[in-house]
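Notes follow the structure.
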Amino acid sequence: MATSMGRPWPPAEQLHHLQYCIHSNPSWHETVVLAFQHYIVMLGTTVLIANTLVTPMGGDAEDKARVIQTILFMSGINTLLQTLIGTRLPTVMGVSFAYVLPVLSIIRDYNDGQFPSEKQRFRHTMRTVQGSLIISSFVNIIIGYGQAWGNLIRIFSPIIVVPVVTLTSLGLFLRGFPLLANCVEIGLPMLILLIVSQQYLRHLLKRIQMILERYALLVCLALIWAFAAILTVSGAYNNVSVATKLSCRTDRSFLMSAAPWISIPYPFQWGTPIFRASHVFGMFGAAIVASAESTGVFFAASRLAGATAPPAHVVSRSVGLQGVGVLLEGIFGSISGNTASVENVGLLGLTRIGSRRVVQISTGFMIFFAIFGKFGAFFASIPLPIFAGVYCILLGIVAAVGISFIQFTDTNSMRNMYVIGVSLFLSLSIAQYFISNTTRAGYGPVRTAGGWFNDILNTIFASAPFVAIILATVLDNTLEARHAIDERGIPWWKPFQRRNGDSRNEEFYSFPLRVGEYIPTRFL
């Protein structure tokens with residue numbers, strides 16, 4: 001057998017070339033610009049979910065502006081809570097698309113002409129969403145602070161983490177090129193320009209290398225946004241379809257004219273919450289799926305922030321805190337529950353800056369633009385295909401981070417290849433089947449007489465990360481598990497999953513100041 005002359009790369013717990021890790025910080029002026037960049041990245045998903053749900057509810061541009069303001073306000077609060085007393089990783093807590101199907105189910109039930117005006121239908125639907133979010137939040141709170149989710153994480157191995165993290169990103173492929181293709185003349189230039197400037201020009205233009213490396217996203221976005229504005233005012237989209245106008249024009253959102261100058265989201269702003277058992281139960285599945293998505297994002301963020309893999313009790317308490325965030329969102333009148341933002345974790349890899357402080361400062365931008373609506377609406381009018389061009393890069397980085405966990409296992413083991421390969425393919429295939437067979441009204445492949453039962457199953461199996469957790473956990477813990485301890489990477493993995501298993505756990509994940517002394521150990 002021929003002997004390889006190449007140099008093998010040993011496994012590395014920390015990624016190479018990270019410039020700032022979780023507890024190291026750039027200068028203040030750099031921190032502020034990087035924080036604003038995080039705000040811009042999470043804005044695309046925020047606007048996308050508002051566009052998806054507000055109009056079918058019967059809402060107008062003014063309602064959409066208020067919904068976006070509420071989402072931004074709650075994202076700021078939830079992100080700050082997670083970085084302080086949750087995982088403490090640099091993760092932005094944005095909206096979760098797992099809640100779309102249950103919300104569409106609520107919309108269907110109120111779409112029978114029983115309201116005298118669309119405005120009343122919208123407010124009634126929002127009140128029902130509020131009630132469902134409030135009750136479903138206790139699913140996250142119970143499984144999180146009750147350590148049920150932590151017990152699941154304790155039987156994880158790097159073999160399971162690979163498909164879970166990878167599919168947290170790949171499962172969102174519809175936010176990539178399919179969304180970009182809605183207006184290819186601005187989406188594709190954004191994608192190409194970001195790749196060229198951030199990866200190639202920085203090597204040619206040494207004087208501005210650092211600027212391109214860290215802020216290329218903002219520079220490219222500003223240029224393409226200006227290009228889209230020029231196309232709009234020059235009449236390039238005057239004789240195109242309505243769908244093309246909505247995707248390409250910079251003046252079709254009507255958010256600038258509809259948003260108030262100053263508006264502070266407040267509890268029960270849409271009215272008293274409405275509680276209906278069928279809608280509440282239907283949202284339970286979304287709460288579980290959002291927990292699975294966040295889990296994959298947390299493991300990816302730990303790698304890109306230069307931290308150890310989060311221990312089981314840390315992931316569990318973060319899921320519990322995520323439930324508290326959903327409870328607050330229900331009280332304040334958000335349109336969806338929260339989950340850890342995959343795109344913003346990808347931004348950590350793009351800029352190579354995993355600083356916790358940067359993400360904490362970004363919450364200031366979220367809350368500021370949520371209160372001062374006109375300013376927030378200005379940035380929210382960026383066409384979605386431009387965001388899609390950015391997401392093509394950021395989601396790809398997170399997928400690669402998921403694959404990198406395989407280095408801590410025996411990569412030549414056929415048993416490991418089987419578990420990872422089957423979990424990856426089957427999870428993506430099952431999720432795609434459910435997504436492609438779901439109508440615009442929210443009817444999925446499971447169509448029994450029980451609407452809430454349909455919502456739970458259709459939501460769960462449309463999530464590639466959640467299906468991956470089920471498949472990979474079962475396969476990895478039943479296929480020769482006891483005889484493949486070393487192959488699975490358990491000796492490397494186990495110290496990080498115990499509270500005192502590795503000295504660095506305390507360094508990365510302990511509470512600030514002395515907060516932990518006042519919280520019962522079972523909740524930590």
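Every residue, even glycine, has its Cβ placed from backbone N, Cα and C.
As recorded in TrEMBL:
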| type | residues | note |
| --- | --- | --- |
| TRANSMEM | 36-55 | transmembrane segment |
| TRANSMEM | 91-110 | transmembrane segment |
| TRANSMEM | 131-149 | transmembrane segment |
| TRANSMEM | 155-174 | transmembrane segment |
| TRANSMEM | 179-196 | transmembrane segment |
| TRANSMEM | 216-237 | transmembrane segment |
| TRANSMEM | 358-380 | transmembrane segment |
| TRANSMEM | 386-406 | transmembrane segment |
| TRANSMEM | 418-436 | transmembrane segment |
| TRANSMEM | 456-475 | transmembrane segment |
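Across 358-380, 386-406, 456-475, the stretch most heavily in contact with the transmembrane segment (36-55), judged by Cβ pairs under 8 Å, is 358-380.
Ranked by number of Cβ pairs under 8 Å to the transmembrane segment (216-237), the listed stretches 91-110, 131-149, 386-406 are led by 386-406. Only pairs six or more apart in sequence are counted, and the transmembrane segment (386-406) with the transmembrane segment (456-475) gives fewer than three Cβ pairs under 8 Å, not enough to call it a contact. Proximity of distant same-chain residues to the transmembrane segment (358-380), defined by a Cβ-Cβ separation under 8 Å and at least 6 residues beyond the stretch ends, is recorded for 20, 25-26, 31-32, 34-36, 38-40, 42-43, 46-47, 65, 68-70, 72-73, 75-77, 79-80, 83-84, 90-92, 253, 255-256, 258-265, 344.
Tertiary proximity for the transmembrane segment (91-110) is limited to same-chain residues at least six positions away from its ends with a CB under 8 Å from its CB atoms, namely 38, 41-42, 45-46, 49, 52-53, 56-57, 71, 75, 78-79, 81-83, 121, 124-125, 128-129, 132-133, 279, 282-283, 285-286, 289-290, 293-294, 297-298, 301, 322, 325, 334-341, 343-345, 359, 362, 438, 441-442, 444, 451, 454-455, 458-459, 462-463.
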